[in-house]
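J.: There's a structure below that I have some questions on.
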Amino acid sequence: MLAPVDIFVSTVDPMKEPPLVTANTVLSILAVDYPVDKVSCYVSDDGSAMLTFEAMSETAEFARKWVPFCKNFNLEPRAPEVYFSQKIDYLKDKVQPNFVKERRAMKREYEEFKVRINALVGKAHKIPAEGWIMKDGTPWPGNNTKDHPGMIQVFLGHSGGLDTEGNELPRLVYVSREKRPGFNHHKKAGAMNALVRVSAVLTNAPFFLNLDCDHYINNSKALREAMCFLMDPIVGRKVCYVQFPQRFDGIDAHDRYANRNTVFFDINMKGLDGVQGPVYVGTGCVFRRQALYGYEPPLKPKKQSMACDCLTALLCGPHPKKAKAKKSGKGSKPKPNPKAVQTAPKPNLGSIEEGVEGYDDERALLMSKKNFEQRFGHSTVFLESVLFEDGGVPHSASPAELLKEAIHVISCGYEDKTDWGQEIGWIYGSVTEDILTGFKMHARGWRSIYCMPHRAAFKGTAPINLSDRLNQVLRWALGSVEIFLSRHCPLWYGYSGRLKLLERLAYINTIVYPLTSLPLLVYCTLPAICLLTGKFIIPTISNFASLWFISLFLSIFATGILEMRWSGVSIEEWWRNEQFWVIGGVSAHLFAVIQGFLKVLAGIDTNFTVTSKGSEEGDEFGELYLFKWTSLLIPPTTLLVINMVGIVAGISDALNNGYSSWGPLFGKLFFAFWVIVHLYPFMKGLMGRQNRTPTIVVVWSVLLASIFSLLWVKIDPFLVRVTGPDTKLCGINC
């Protein structure tokens, strides 16, 4: 028997995250290959946009036709935009004679659906002065995006959610949590925690999948793949989540800005699967609800004693000290961790205050109603759902009562004085809440699984534009710096838990990598300094040291070759990753370090913008050549300019000084060209389709490069200062 699964889709701004993209994601969820009575889809609209609400209403109606079409003909993928845009032979492996007719009719239906969605988008650009009005004539409750009540609408479900063939459809629920001035809403992490509580009240599936609004289900059997691990009778109960790799559509063939990130997803994450499991990357992850509630994994059963011990016990009786400890109750149970709850049984809420038969006093205290309210909040229905390890909702509650309670648990003050965001749910304190959330679960002793099915489980859209890509990397790096400066830093947090050493090293790597931007910036500047000053920074080394250097280089080279052969990553993908590591290191990572320290130490907050999730333009790679100004472009452009100036200066100096100076010049030129080669995709992105770079970037970069070069020549720290003779002493003979 497959377990029920709740699926969360999060969106904020429909102007940056097109409703058609979100609709395709929802349609792929509703058509997933899984029992319909065990699938529920929750869409979080954190921008309280009526556009998103109306788009979900249209999506629910179109799903009545789309879902049976997908299941009747076993289609892949089940996102209509992607399916109808595929340039393949869609008749392959199709034997039903009516398929062509049905496909043609469904494509026409989808085109009409797109027209309706685009009409809603066009209407949303013209905001009426009196605010949005719903179809029934009442004002839209979310007209003020920062001050509105909680909203829940069940579009599809067990009461009336039938397709055109009379079959039941999965539940589709629209959720917009309450927002009021003066409350910290914690951005995406807060929205996800609201979905956790709403789903617990309405359906309470023991597992849930979270997806970004642009990540559709590409493999309809993805949920079944995850259940193979989560429901495994041997190791499944210790698995907190199953993470799938991120795959993307719409990336140029050469992947100029390493959007696919295959080195991370196919080497690093795959390697972690052999330790304690991969880190959580924010989307495409199936969670165990109990693990996210702060519970610890079940302990291993005690191994049976050896035969000699059994014989001794039989002949001599139990050990007196052990028998005494057992009789007195001492040593029988470890003291429970107050920050992590043991795996809960399934009593009703009325028995909590009196304790549960078969549990000691400490366990009964831990499970008291007061303790639960302090941890999970004041909601009787939600507290009962927490105790149902296998899911399910109280049968005594009516749908109207459950809906009322669901509105209560998404109120903006519900989390006050609770453990939400601290020990339970998505953890607050960083813009990359995914790293913190996975880290807390691993620190409690859970393990995760990396699932890589042959057909990618989920696919999304990546920001192929240079500026958007750098801003995305900036946000990730800023989150890592915030964690580095917080109490949750893996360098010092969780040593009392059950986090493995190698897993800790992996988490340390995920939070300290932005700091490598500082030495990287120096290394990219040194070649220009060498060429401008005529000095070579690298000293002359002995033959023995040269052997060590060559051995180190060969070891790194061999390791890279083995990793690529093991993972299937191509040399081109590896090289693109190396190039963008330098580009991101001297721009986004550098800014993240500065902004992170300012935010944590000086309290200067920096807001990140939502990355554009898709485009409705006709040109597939139009975004690749679109240029958007950002200050992140200045440092790498400056490095390009000073290295090019250094090359010109070095060659000019060699021409003036004769053939003897050409030998040392080649070493300096090699390092300068090495920097430029790494920055080449950035330079190509600056030029764009029209081979033009914005004036502001050129002016700032040339100005900074000129100032740096002039200052260096003026200071010239490599020039040896020799004190000459005193003319008063030596006279005319000086």
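Every residue gets a Cβ built from N, Cα and C, even glycine.
Small disclaimer: the values here were computed from a predicted structure and weren't measured.
Okay, these came from TrEMBL:
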BINDING   SER10, LYS16, GLU17, ASP46, LYS187  UDP-alpha-D-glucose binding site
ACT_SITE  ASP46  active site
BINDING   LYS188, ASP212  Mn(2+) binding site
COMPBIAS  321-333  compositional bias 'Basic residues'
ACT_SITE  ASP434  active site
TRANSMEM  511-532  transmembrane segment
TRANSMEM  544-562  transmembrane segment
TRANSMEM  582-604  transmembrane segment
TRANSMEM  625-651  transmembrane segment
TRANSMEM  663-683  transmembrane segment
TRANSMEM  695-715  transmembrane segment
J.: Report, as numbers and ranges, every residue of the chain located at least six residues beyond the transmembrane segment (663-683) whose Cβ falls under 8 Å of a Cβ in that stretch; write 'none' if there are none.
T.: 256-257, 466, 524, 526-528, 530-531, 536, 538, 576, 578-580, 582-583, 636-637, 639-640, 643-644, 646-647, 650-651, 653-654
J.: Select the closest residue to SER10 (UDP-alpha-D-glucose binding site) from the following recorded positions, measuring between CA atoms: LYS188, ASP212, ASP434.
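T.: Spatially nearest to SER10 (UDP-alpha-D-glucose binding site) by Cα position is ASP212.
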J.: Which of 511-532, 544-562, 625-651 shares the most C-beta pairs under 8 angstroms with the transmembrane segment (582-604)?
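T.: Of the candidates 511-532, 544-562, 625-651, 511-532 scores highest.
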J.: For ASP212 (Mn(2+) binding site), identify the closest of the recorded positions LYS16, GLU17, ASP46, LYS187, ASP434, judging by Cα separation.
T.: GLU17
J.: Within 10 Å of the Cβ of ASP434 (active site), how many other Cβ atoms can be counted across all chains shown?
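T.: That number is 24.
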J.: Indicate whether LYS187 (UDP-alpha-D-glucose binding site) is helix, strand or coil by DSSP.
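T.: Assignment for LYS187 (UDP-alpha-D-glucose binding site) reads helix.
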J.: Ten-angstrom check, please: count other Cβ atoms within 10 Å of the Cβ of ASP46 (UDP-alpha-D-glucose binding site), all chains counted.
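T.: There are 22 of them.
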J.: Can you tell me how far the Cα of LYS187 (UDP-alpha-D-glucose binding site) sits from the Cα of ASP434 (active site), in Å?
T.: 13
J.: Using a 10 Å radius around each Cβ and counting other Cβ atoms from all shown chains, which of the binding-site residues LYS16, LYS187, LYS188 yields the largest count?
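T.: Result of the Cβ crowding comparison: LYS188.
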J.: Should LYS16 (UDP-alpha-D-glucose binding site) be counted as helix, strand, or coil on the basis of DSSP?
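T.: The residue in question, LYS16 (UDP-alpha-D-glucose binding site), is coil (DSSP, three-state).
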J.: According to DSSP, collapsed to three classes, what secondary structure does SER10 (UDP-alpha-D-glucose binding site) have?
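T.: In the DSSP reduction, SER10 (UDP-alpha-D-glucose binding site) maps to strand.
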J.: Max Cα distance spanning SER10, LYS16, GLU17, ASP46, LYS187 (UDP-alpha-D-glucose binders), Å?
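T.: Roughly 16 Å, rounded to the nearest whole number.
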J.: What's the CA to CA span in angstrom from ASP434 (active site) over to GLU17 (UDP-alpha-D-glucose binding site)?
T.: 20
J.: Would you kindly give the Cα-Cα distance separating LYS188 (Mn(2+) binding site) and LYS16 (UDP-alpha-D-glucose binding site), rounded to the nearest Å?
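T.: Computed Cα spacing between LYS16 (UDP-alpha-D-glucose binding site) and LYS188 (Mn(2+) binding site) is 15 Å.
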J.: Calculate the distance in Å between the alpha carbons (Cα) of LYS188 (Mn(2+) binding site) and ASP46 (UDP-alpha-D-glucose binding site), and round it to a whole number.
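T.: Distance (Cα to Cα, whole Å): 8 Å.
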